[in-house]
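A.B. asks: Straight from TrEMBL, here's the annotation block:
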type	residues	note
DOMAIN	10-138	domain 'EamA'
DOMAIN	152-284	domain 'EamA'
TRANSMEM	7-27	transmembrane segment
TRANSMEM	39-57	transmembrane segment
TRANSMEM	69-90	transmembrane segment
TRANSMEM	96-115	transmembrane segment
TRANSMEM	122-142	transmembrane segment
TRANSMEM	154-171	transmembrane segment
TRANSMEM	178-195	transmembrane segment
TRANSMEM	207-232	transmembrane segment
TRANSMEM	244-263	transmembrane segment
Amino acid sequence: MPSKQKVLAVSGLLSGAVTWGLVWYPLRLLEKEGVSGELTTFLMFGIALLLGIFFFHKTLRQLPPSKTILILIAITAGWTNLAYAIAVIHGEVMRVLLLFYLSPLWTVLLSRMILGERLNRHGYTVLALSFSGAMVMLWSSVNGLPLPQNSAEWFGLSAGMMFALSNVLTRKAHYHDIYLKSLSVFAGVSIIAIMPPLFQPDMLSPLLILSASSWGILLGLGLLAFLATVTVQFGLTHTPSNQAIVIFLFELVVAAISAYYLAGEKMMLREWVGGAMIITASLFSGKLEQKDV
């Protein structure tokens, strides 16, 4: 029977998958109001950073002499979130997400190099099942194979690579408090996302005429970013990287359903079949961990 910690870790990862599978919609709403993905990302994580400092300020006293891995987590998480936001705003949601979720490839390689984790026979089967499900669900007879065809898709692919590295680094930094790692994420995303608006001041002007409802969306996104990051950091700390990435694939199912209901994107039989395969892979993801003899 799974331990309470294991259940909480998996629940944290699943909640993160649901959050990021839905976040594309409010990002697009704000884009229509003139708020760029870069500015929205900065405000989201700026709010999350303020909340983090308020609730976790005692954690800052635990800053180690060597902050290298925390800085790396900040940089990789920063690019992951910024590139993801730009990709889902300007690209085709499901195609972008498929490119993003090529990240298990990078996770397998990075986990082997950095953590020494290995996949057993069952693990490769589960990983293949998750990829097959993604391919079945997102295959397009018009576009062909999911290769980057525009800047949004390249952003999605690069976000997936940094996402994998961020996950592996978070797992490696298991000795650090999850709140300290969360603060690193908030700071990293805020710093990287504010760079474009600083060099293009016109990107800030929509804030002067933003409606109250749009400010409400921004505040809600900031709170979601705070909660999702903390729960995901807990999940990543207590879950092998290769297992975590398969659980995160549930985001594809959430995004497919939300795209259907919120953007009118129709789900064909192959999307339902592919989604079922991904869910099956997630349910059996516990077999991904290679037990040491």
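Placement of Cβ uses the backbone N, Cα and C atoms for every residue, glycine included.
In TrEMBL, annotation is done automatically, which means it is predicted and not curated.
Walk me through the surroundings of each of these features.
C.D. replies: Summarising model confidence by region, the domain 'EamA' (152-284) averages a pLDDT of 86.
Tertiary neighbourhood of the transmembrane segment (7-27): same-chain residues 37, 40, 84-85, 88-89, 93, 217, 220-221, 224, 227-229, 231-232, 234-239, 244, 247-255, 258-259, 262-263, selected by CB-CB distance under 8 Å and a gap of 6+ residues from either end.
Long-range neighbours of the transmembrane segment (39-57) within the same chain, counting only residues 6 or more positions beyond its ends whose Cβ lies under 8 Å from a Cβ of the stretch, are 27, 30-31, 81-82, 85, 179-180, 182-183, 185-187, 189-190, 193-194, 197, 203-204, 206-207, 218-219, 221-226, 229.
Through the fold, the transmembrane segment (178-195) approaches residues 38-39, 41-42, 44-46, 48-49, 52-53, 55-56, 59-60, 62-63, 70-71, 73-79, 81-82, 170, 225-226, 229-230, 233-234, 237 of its own chain, all at least 6 residues removed from its boundaries and within a Cβ separation under 8 Å.
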A.B. asks: State the non-local partners of the transmembrane segment (207-232) in its own chain: residues 6+ outside its ends, Cβ under 8 Å from one of its Cβ atoms.
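C.D. replies: The answer is 11-13, 15-16, 19-20, 23, 26-27, 29-30, 33-35, 39-40, 43-48, 51-52, 178-179, 182, 185-186.
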A.B. asks: Which stretch from 96-115, 154-171, 244-263 shares the most C-beta pairs under 8 Å with the transmembrane segment (69-90)?
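C.D. replies: Most contacts with the transmembrane segment (69-90): 154-171.
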